[in-house]
Amino acid sequence: SGSMDSCLMIWSMKPQMRAYRFVGHRDAVMCVQFSPSGHLVASGSRDKTVRLWVPSVKGESTVFKAHTATVRSVHFSSDGQSLVTASDDKTVKVWAVHRQKFLFSLSQHINWVRCARFSPDGRLIVSASDDKTVKLWDKTSRECVHSFCEHGGFANHVDFHPSGTCIAAAGTDNTVKVWDVRMNRLLQHYQGNAVVNSLSFHPSGNYLVTASNDSTLKILDLLEGRLLYTLHGHQGPATCVAFSRAGDFFASGGSDEQVMVWKTNFGATDYGEVLKTQESGASMDGTRQRLPSKMDCGAHLKKSKTQDTGSNHQQQEEDTSLANTLEHIVGQLAVLAQTVSILEQRLTLTEDKLKECLENQQKIAQYKAN
């Protein structure tokens, strides 16, 4: 994780294991990403540099300098050979990782570039900018092949679907939009209540998680085209979110100086049934759009066993279903308890502020009386 404290933290998921704190950047760290192999970590900073770190005790790093303003995004290609970066200098830059060499710039945006990502096959690059466009680039020809201009505000974040056939973009107009990059057609549109800062596809391609300024994370079901969960935990804007490679966890960061790790529960029986019966997506206004076929395979999670093997199997299925349902309810109760706790904290803060205001008013009244 990166932070406004200029440091990079490498956290261990094992109990009682210490985290490593890497110092090198001279200003806020805006973005971080592990290489596909896990042997390197890239970071971008407000100090205008990109650094490549070896995630070990020593925390050694190499500096890449070519941008002339804040670096907002870093992303490795799937083979780990290339790195794409996005900056407030209005450019997207591509680097050779092992040669540690700057290769070329993509420079048709007319405002800050917030995010840039390689396609899974490495042939395309997508970028999101404050010029309200999302641009698709051909890495070989270095030309912009299409601009998506449907956002009503800045485009904060963009990413490729695991199949490579779609992209999703988040914006300051409180929306998430999903486009098919083969036909350059809008597939789905999700309207939220707050600025969306970040998003991440589940490895199966069937779910999308978003982070918003209203402190919430949202899980979207792309097959049904609907909001599945709203998660409360952060006590300020949720600034970033990402699924783990296996999809069994996701992590989020926020302005409240916290990094949170969440466990997914997409293995619950009810979602398995939904995924078996639903093969098409829907936009939020009710018009259904067929998502690419690769989105239909992958997360057909826990399919029911065949019922021709006797009553024992049927009983086992019912027991498993009941256990999964109870686990799901317990998980939801935990989220509810956490939400209540946060509301209580906010209520206490409000009461304190109100008390302070009343005391100030009394002092003013006494001062005027004197």
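Just so you know, glycine gets a Cβ as well, placed from its N, Cα and C.
Note that TrEMBL annotation is computational and uncurated.
Copied from TrEMBL, the annotated features are:
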REGION    301-320  region 'Disordered'
REPEAT    22-53  repeat 'WD'
REPEAT    64-105  repeat 'WD'
REPEAT    106-147  repeat 'WD'
REPEAT    148-189  repeat 'WD'
REPEAT    196-230  repeat 'WD'
REPEAT    231-263  repeat 'WD'
For the repeat 'WD' (106-147), distant same-chain residues with Cβ under 8 A (at least six beyond the ends): 69, 72-73, 75-79, 82, 84-88, 90-94, 153-160, 162-164, 167, 169-171, 179, 181, 184
Within the repeat 'WD' (64-105), residues counted as helix, strand or coil by DSSP: 0 helix, 24 strand, 18 coil
Residue distribution over DSSP helix, strand and coil in the repeat 'WD' (148-189): 0 helix, 24 strand, 18 coil
Averaged pLDDT, computed only over the residues in the repeat 'WD' (231-263): 94
